[in-house]
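What follows is a set of notes on a single structure, which appears directly below.
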Amino acid sequence: MKKFNFRKVLDGLTASSPGSGSSSGSNSGGAGSGSVHPGGTAGLPREEIQESLTSDYFQICKTVRHGFPYQPTALAFDPVQKILAIGTRTGAIRILGRPGVDCYCQHESGAAVLQLQFLINEGALVSASSDDTLHLWNLRQKRPAILHSLKFNRERITYCHLPFQSKWLYVGTERGNTHIVNIESFILSGYVIMWNKAIELSTKTHPGPVVHLSDSPRDEGKLLIGYENGTVVFWDLKSKRAELRVYYDEAIHSIDWHHEGKQFMCSHSDGSLTLWNLKSPSRPFQTTVPHGKSQREGRKSESCKPILKVEYKTCRNSEPFIIFSGGLSYDKACRRPSLTIMHGKAITVLEMDHPIVEFLTLCETPYPNEFQEPYAVAVLLEKDLIVVDLTQTNFPIFENPYPMDIHESPVTCTAYFADCPPDLILVLYSIGVKHKKQGYSNKEWPVSGGAWNLGAQTYPEIIITGHADGTIKFWDASAMTLQMLYKLKTSKVFEKQKAGEGKQTCELVEEDPFAVQMIYWCPESRIFCVSGVSAYVIIYKFSRHEVTTEIVSLEVRLQCDVEDIITPEPETSPPFPDLSSQLPPSRSLSGSTNTVSSEGVTKDSIPCLSVKTRPVRMPPGYQADLVIQLVWVDGEPPQQITSLSISSAYGIVAFGNCTGLVVVDFIQKTVLLSMGTIDLYRSSDLYQRQPRSPRKNRQFIADNFCMRGLSNFYPDLTKRIRTSYQSLTELNDSPVPLELERCKSPTSDHVNGHCTSPTSQSCSSGKRLSSADVSKVNRWGPGRPPFRKAQSAACMEISLPVTTEETRENSYNRSRSSSISSIDKDSKEAITALYFMESFARKNDSTVSPCLFVGTSLGMVVLISLNLPSSDEQRFTEPVVVLPSGTFLSLKGAVLTFSCMDRTGSLMQPPYEVWRDPNNTDENEKTWKRKLVMNYSSSSQEMGDHQYTIICSEKQAKVFSLPSQTCLYVHNITETSFILQADVVVMCNSACLACFCANGHIMIMSLPSLRPMLDVNYLPLTDMRIARTFCFTNEGQALYLVSPTEIQRLTYSQEMCDNIQDMLGDLFTPIETPEAQNRGFLKGLFGGSGQTFDREELFGEASAGKASRSLAQHIPGPGSIEGMKGAAGGVMGELTRARIALDERGQRLGELEEKTAGMMTSAEAFSKHAHELMLKYKDKKWYQF
């Protein structure tokens, strides 16, 4: 029977009645609840587009997690399967194998993982968590599941040990007791080793928690128990008594056996190692302080830092390895965390970049009574995982195939590109491989377990991450993997900061002045653009050849002209009478002269960073073509950039901030437009004026309130952006409420590129304020506050109270009058979205032309027309004319994204220039012609044609028809929340709008009708890291930074959810357990006990009895038989109820059938009698009746 899907019914109802929504668009629901209704389409002929997407195409599920496990706590290794497991403080477990085998699983409780133990070659894993619960994980499936859990109620777990090929797990507790758990049934045995029986009766003090458990390699019936206070007990399991006891003055941290079972080594809190012989337990056989200073004979060695762990591994043909962490001398406080390797008389200290959490020695054999033959050491650091090769004398490290260095510098932004040009990955890899670090071990990565294949998903994917130190990393994300391709350092463009220069020249940000804020990449043309936190934009071009050249830089002065706002000139002048006068002579081939003014002198017209003035050698790859910097204005640093876009076809880059918009021609290296946001509207007003050119170096009076007035209220205003990226660049993942995080800095905050700095407030007073006037305003009086709160939900800020008369509706009257008082009353609008496209700039346009869509934080959309030279030759010499078209569109909330569709409903891609190597000496630039790809049909230029423009803000989405500028569809996405990220993506060859809301909802809407396809409460927003890094891409995929060190990928495609099992790797592969070595006749006779030890007979219920029920509680896991029985029972119950309902329905149908049969019999009888009556009176005349 075909499955009935109620969502199809809803899709059909929505499609059949698109105008059923409220025309007012009012909605009281939260995110994901909204109304879809057509706009004003009366009398407008509209082509109905057949949409192919339905709700069956969408489903949300997580796919894979990349990066280093955040806050690691435990490490385990299976020497036969060769897989590695890492536990974290948040209850997560990452299981790693060969490249492509990377699995993430999570404890539901979220408790920290204390210890991990593999059931070697059994496809299972035991985890002990901080809530005193043991879990058994099944690894014989691609998504590991918990089979059993055992919750200890009265004791806290401190240590676990599972002997090789044993089904009995030893569990040590904080009280000093040792319990035994059956792995198969996960039931506690009645056999318990109490601490008071393990120590001598004469001892009155508690030995402390159990810190070590291990069975003797020589005799499985003997258990070594280590207590924290320095006591070691050798327990005979059969006789249930202590065979010997060892006492030491210093606390014990770890113990390890010699493979022969005659000696064991302990590490202590005073930095010493003690070697004990079972034949003479009264005192240590050997005591050493590896890093202590040598003392005179008879004196105790100098105490050192604790040795937290030691491993004692033997080799057949060489001296044993003694490997330990810690133990350095106290007088070397500046020394970094270290791992010491002692091999014979040689001592090697490996210094680490981060504190050591755990380490394990990887050995050839799983049997503890054989020569271990160690070949590598896996070292788990707080922020890294390294593996040291022990087979080479210099102990090199293996090259890590996993992307464990995503957080090498904190991630500040991300971008995700699916279905890229296929040659890009090979090109980037071939360039990046030349710059890889050298000195790695020449052997293969030792963690090589599991199995993985490419699966059905073969299209190329690239992830780009921007970092706090200015680096940009390109990653190959194809086929559910992540591998480094290429690394770009943007800081090489600038001069290095001197010791005393940083505070003076870079007051915009206190730390990380090169932090990457936004990235824009065109894969087809290979043009790459990046904006930094210090208000700069760098344009990179890709080249296969090395070049040495000077870096071209432009300095742009972007400010608010108060005089123009307050006193409009009465005469009317054309907005752009002479474009050549608009091109400022700010092209600087020698770099910027960033000279710091002496103390007390107002800074003006200097950038935050200094571009290198000397010729710079640029290796193959991305090479800087142009640097654009915003400069200080009258002592005020430039505002951070909030939006960025570039067009390789037009040769134009545009960016904006809270002050205004800048448009630059990067072919001719000239500034085309530098205009405040308010001037974009004024260009269509009655009082039209020529906008200020950046080259006009006007000196404003010191009492200019527009740019400096608020500094009187906040003296520390110059420190305003120091906390902008603090929460993103610090690796402390302390949860911060969204409202507090967004308002952390009272002077600047950026959510999704929306700047909310109060320094960008415009002045609405009718006169220029003097210093005395400003001091009066400081008192606030009964008049209006000096600045207001922006109404956009994504632009929260700490500001003064908002008065009623200052509240502005998010609607905009298209027929604007010459008065701009309503705009003057508002805070300045930030440029939040930019988009280049061939479109209709005005209502009366009959053909498409190059346009720039500009979206603001107050929901306004301004179309700017770009008039380009007609030929390629003129493009390098003739100026580009940039004219605001006078077309305005409006939405609720800050504008987030744009996109266009042609009249057939196909998504239109912005035009681009085909890539060519700018440094190719074989081509003559003068004879070479630019190859442009225009992604629209020739029929779209015909008279009367139109296109659909999709605009999404943080509150709603609208679809406009151009050039008529009629709103066809409106969808009010949310009223109580706001959208953080929105993008128009391609799914199954159809376009749809994907949105991520602040309250965790992911919503998908079809285009152009904006019908809801999916609304899932996926992820509650707990910190701004997710908001800043969440991004959608084509083919139903998305990603975000789930922790400071990890990237989480997810899919909203039903097809990918169905095929996810085929894309993941197998953790378990059938491998025969290696056979134990033959010990020989003499070793078997004299080397130790040769008798077998039956743990089942000793620990089973028959001999040991049952454990107390109150001690531990057994919890069946979802993957266990009990869990499956429960689920099956639930299914059977549902089937039973369905069968009963079916029987009742069948009974009613039977009764109805009987009634129907009776009615049919009556009808036949009536028909028969009627026929007989007709025959009786057929031949009679009327007068015979």
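In case you wondered, yes, glycine gets a Cβ from its N, Cα and C as well.
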Site from S610, S684, S771, S1089 that Swiss-Prot describes as phosphoserine, others unannotated there: S771
Selected residue, Swiss-Prot feature phosphoserine, from candidates S765, S817, S940: S765
Phosphothreonine: annotated position in Swiss-Prot, out of T365, T567: T567
Candidate set S16, S598, S870, residue annotated phosphoserine in Swiss-Prot: S598
The repeat 'WD 4' (212-246) versus listed stretches 73-106, 157-193, 356-390, 412-489: most Cβ pairs under 8 Å: 157-193
Contact between the repeat 'WD 7' (356-390) and the repeat 'WD 1' (73-106) (at least 3 Cβ pairs under 8 Å, separation 6+): yes
Candidate ranges 73-106, 157-193, 831-888 - greatest C-beta contact count to the repeat 'WD 8' (412-489) (under 8 angstroms): 73-106
Helix, strand and coil totals (DSSP H, G, I; E, B; other) for the repeat 'WD 11' (831-888): 4 helix, 33 strand, 21 coil
Tally of residues which DSSP labels helix, strand or coil - the repeat 'WD 2' (113-152): 0 helix, 27 strand, 13 coil
